[in-house]
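S.K.: Here it is, the structure, as structure tokens.
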Amino acid sequence: MSQFILAIDQGTTSSRAILFNHEGQIHGVAQQEYPQIFPEPGWVEHDANAIWNSQLAVARQVLKENKLSATDIAAIGITNQRETTVIWDRKTGQPIANAIVWQDRRTAAYCDQLRAEGKADLFQQKTGLVLDSYFSGTKVKWLLDHIPDARARAERGELAFGTIDSWLVYKLSGAHLTDSSNASRTLLFNIHTLQWDEELLAIFDIPASLLPAVVASSGIASHTHTELFGAPIAIAGIAGDQQAATFGQACHKPGMAKNTYGTGCFMLLNTGTHAISSHNNLLTTIGWTLGIGKAAQTNYMLEGGVFMGGAIVQWLRDGLGIIQRSADVEALATSVPDNGGVVFVPAFSGLGAPYWDSYARGTILGMTRGSNKAHIARAALESIAYQSVDLLDAMQKDAQSSSQELRVDGGASRNDLLMQFQADILNVPVIRPVVTETTALGAAYLAGLAVSFWQSAEEITAQWKMDKRFEPAMSADEREQRLHTWHRAVERAQAWES
């Protein structure tokens with residue numbers, strides 16, 4: 001009997017493979033970093049072959065290190081950095097260019113043009129998304145417009161487009177498909193009809209033949225090529241990283257929310273089978289689709305994402321050089337009692353939700369001769385929490401409800417100073433689970449449900465366990481004053497490049 005689910009977790013800076021047992025516990029991990037490519041200011045790319053090679057290597061490595069074979073694996077679940085765009089040749093399987101990463105801003109001016117033409121409402125109504133260069137649609141158009149002969153080849157059906165999940169499924173199995181959660185991040189998918197939208201494709205001049213088939217997030221979608229692992233393994237779960245994390249956090253009921261502190265920060269609120277249209281610059285997105293045919297049920301989410309979360313700490317390490325390791329930031333920040341009046345707005349790539357300002361830029365305010373690197377480190381950590389306050393406030397307005405708790409995960413959730421400040425500034429309890437690898441766990445759960453490795457969402461919920469609960473301890477007056485100062489600082493950072 002197969003004892004494990006293999007989760008493939010393809011992230012912005014690394015590829016990982018994680019084995020989970022029946023109890024939802026980690027049995028083995030393998031990870032390999034790969035480089036980002038920055039050809040021009042505001043451009044961010046990946047070598048799609050480097051992604052595939054690293055992902056295959058870690059999948060094989062985790063099996064080898066744990067003395068397992070393909071027959072020990074019940075299924076594979078895939079979770080991935082979303083929106084990142086790959087176009088490849090259907091015959092050769094080779095990309096026609098580097099992948100354009102979700103962080104890439106090269107199509108910002110084109111998005112401005114579409115907004116000026118009055119197209120923003122149409123896109124929001126159909127896709128639930130704001131018209132921003134963050135999403136895949138404008139990246140696909142850019143590649144078709146700028147890579148020689150790409151559009152003609154696409155129209156002849158020679159090329160395939162996919163987000164990273166599609167690319168991995170294609171390399172693993174030869175199938176060209178995606179799931180509803182990833183499709184909902186493209187600006188091309190109607191989240192109400194659950195179909196690629198012809199009107200939106202026409203605006204971008206994207207041939208429908210380029211697009212993958214859309215399948216459920218939980219269900220046997222394909223099987224791996226025999227030669228990769230020695231025997232075929234079912235690919236039975238697919239979800240974008242943030243949707244997978246929400247599922248892994250057992251936020252299965254409407255009103256439950258989670259925040260993932262990764263490269264960026266992403267907060268999702270489950271709204272059940274009802275797609276709530278945001279009036280506060282949030283995204284309405286598909287969380288997951290379970291079941292097939294008439295039994296299929298799609299869950300929707302409100303989402304807010306900020307571009308700079310843990311990446312701020314990386315900048316403190318690599319850009320400023322004030323820490324040697326990312327883990328050192330907590331000790332440095334706690335070496336001072338407060339931020340000394342320093343406020344940090346980390347708008348290095350603009351501001352995400354709820355501002356959506358591509359032209360904002362990073363700002364450090366309140367510096368005096370008494371300011372030092374510890375104050376900057378503390379202000380940097382606090383900026384992650386402040387951005388998350390803006391997200392939850394907007395969500396509660398849209399959902400017309402108050403959250404009773406916020407479940408957290410991702411690398412920075414291990415930082416107790418940040419988590420306590422997050423609870424204080426939100427005035428909501430923050431709960432960290434025992435397993436913080438919830439993105440990979442969510443992909444594993446989706447795959448496991450499809451092959452009856454787990455029987456139900458209720459069984460998964462019963463496995464979720466709390467590690468630590470952070471209760472708010474800040475006075476209302478202090479909270480109000482701090483938030484007022486934060487919003488003043490955001491105003492200074494906005495529209496800097498316009």
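For all residues, glycine too, the Cβ spot is worked out from N, Cα and C.
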S.K.: Given that Swiss-Prot lists ARG82, GLU83, ASP241, GLN242 as binding glycerol, which residue among TYR34, TYR134, TYR300 does it place in the same site?
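M.R.: Answer per Swiss-Prot: TYR134.
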S.K.: Among GLY310, GLY319, GLY321, GLY362, which residue shares the ADP site with THR12, ARG16, THR263, GLY411, ASN415 according to Swiss-Prot?
M.R.: GLY310
S.K.: Between THR12 (ADP binding site) and ARG82 (sn-glycerol 3-phosphate binding site), how many Å separate their Cα atoms?
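M.R.: If we compare the Cα positions of THR12 (ADP binding site) and ARG82 (sn-glycerol 3-phosphate binding site), the gap is 9 Å.
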S.K.: What does DSSP say about SER14 (ATP binding site): helix, strand or coil?
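M.R.: SER14 (ATP binding site) sits in a strand per DSSP.
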S.K.: Using the CB centroid of THR12, ARG82, GLU83, TYR134, ASP241 as the sn-glycerol 3-phosphate site centre, which other residues of the same chain sit with their CB within 8 A?
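M.R.: Checked against the 8 Å cutoff, the neighbours are ASN80, GLN81, THR84, VAL101, TRP102, ARG185, GLY240, GLN242.
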S.K.: How many whole Å apart are the CA atoms of GLN314 (ATP binding site) and THR263 (ADP binding site)?
M.R.: 9
S.K.: Report, as a single number, how many Cβ atoms besides its own are within 10 Å of the Cβ of THR263 (ADP binding site).
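M.R.: Total other Cβ atoms inside 10 Å, all chains included: 23.
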S.K.: Near SER14 (ATP binding site), which residues of its chain come within a Cβ-Cβ distance under 8 Å, counting only those 6 or more away in sequence?
M.R.: GLN31, GLN32, GLU33, TYR34, SER54
